[in-house]
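K.L.:
As annotated in TrEMBL:
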COMPBIAS  344-361  compositional bias 'Polar residues'
REGION    342-361  region 'Disordered'
TRANSMEM  12-30  transmembrane segment
TRANSMEM  57-79  transmembrane segment
TRANSMEM  85-104  transmembrane segment
TRANSMEM  111-130  transmembrane segment
TRANSMEM  150-171  transmembrane segment
TRANSMEM  178-203  transmembrane segment
TRANSMEM  215-235  transmembrane segment
TRANSMEM  247-267  transmembrane segment
TRANSMEM  279-299  transmembrane segment
Amino acid sequence: MSQTRGRYDFCIGLVLAMSSSIFIGGSFILKKKGLLRLARKGSMRAGQGGHAYLKEWLWWAGLLSMGAGEVANFAAYAFAPATLVTPLGALSVLVSAILSSFFLNEKLNLHGKIGCLLSILGSTVMVIHAPQEEEVETLDEMSHKLGDPGFVVFATLVVIVSLILICVVGPRHGQTNILVYITICSVIGALSVSCVKGLGIAIKELFAGKPVLKHPLSWILLLSLTVCVSTQINYLNRALDIFNTSIVTPIYYVIFTTSVLTCSAILFKEWQHMAADDIIGTFSGFLTIIVGIFLLHAFKDVNFTLANLPLSLRKDDRTANGTLLSTYDGFNDDEENSPCLGEMQSTESLSARRNGSLSAF
């Protein structure tokens, strides 16, 4: 019965995580469509300080879609392992890229298409090999997990590293080194996911009629989540303001997901009962998603499609053949001219001998 319930919860979490990606990915398209409609009407744009988008229903639809996606993502942590839910967040980037090519006429180049396929492949592999975490169904069990010495050491290190980066490294190198602000967001994000996981369990208990609001851990988790999310938003916005989005997004995804996977493994002991092939499959899927996200972002401004591929190959063939042909022709010309050159040299040599010149020897 417990095994069946665990599989049922896993499926619910998977559906919620995928729904979250669809809602969040679609929200960007709806918001963009609303802003473009305002631009065609001649309204002051948001980038110039205008707020006309508040009267545009498409923009509100995008905002509601974003809210629905975040709620679904929040709920997914209550049912499925964080090791599964967090990497699937990359699908929102994939959904946004695909929808923008259809509804915003933004061309998806060859690298982007390959990146989309790799992201889908990596997500599928991760779903197949996702770890089954230890069952944590009550706040008391969650409290026991949070008090584990391994997690206490991990959380303490995260707080110390974050404070050093915020107070010492950030003011000196934050404007020039892209890793400073992104690392702050990522390592703190690991703690925020743990808080979300605990609050998800609290909400499940609340619906079951248990006195969750009287449990001090509920309020501690809520306060911790507020602090963590506020810090994440602050430093992620700083990184996006200073550096290129196409660089920030993949780096943030990799470091954030790695931090969450590490935190989840320490807190829930997800990897202890996994077979070797599942561990390899999970890491392989994660690395495949990383490559896909990199291709999707790093080369999005490169105008390279399947239609250009045969043309490029033909040009390369012509260049190679032309080089070989000119070399071959030059070699033949040398061979043809070599007898004449030999005759000239022998004629000059005979003349020199006749004249008694020593230079001939």
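For all residues, glycine too, the Cβ spot is worked out from N, Cα and C.
In the displayed structure, how are the listed features positioned relative to their neighbours?
P.N.:
Counting residues 6+ beyond its ends, the transmembrane segment (57-79) has Cβ neighbours under 8 Å at 9-10, 12-14, 16-17, 19-35, 37, 85, 89, 92, 193, 196-197, 199-201, 203-204 in the same chain.
Beyond its flanks by at least six residues, the transmembrane segment (111-130) meets 10, 14, 80-81, 83-84, 87-88, 90-91, 93-94, 97-98, 277-282, 284-300, 302, 304 of its own chain at Cβ-Cβ distances under 8 Å.
Listed by sequence, the residues of this chain that lie at least six past the ends of the transmembrane segment (150-171) yet keep a Cβ under 8 A from its Cβ atoms are 180-181, 183-184, 187-188, 190-191, 231, 235, 262-263, 266-267.
With a cut-off of 8 Å between Cβ atoms, the residues of this chain six or more beyond the transmembrane segment (215-235) that come close are 139, 142-143, 146, 162, 166, 181-182, 184-185, 188-189, 191-192, 195-196, 198-199, 202.
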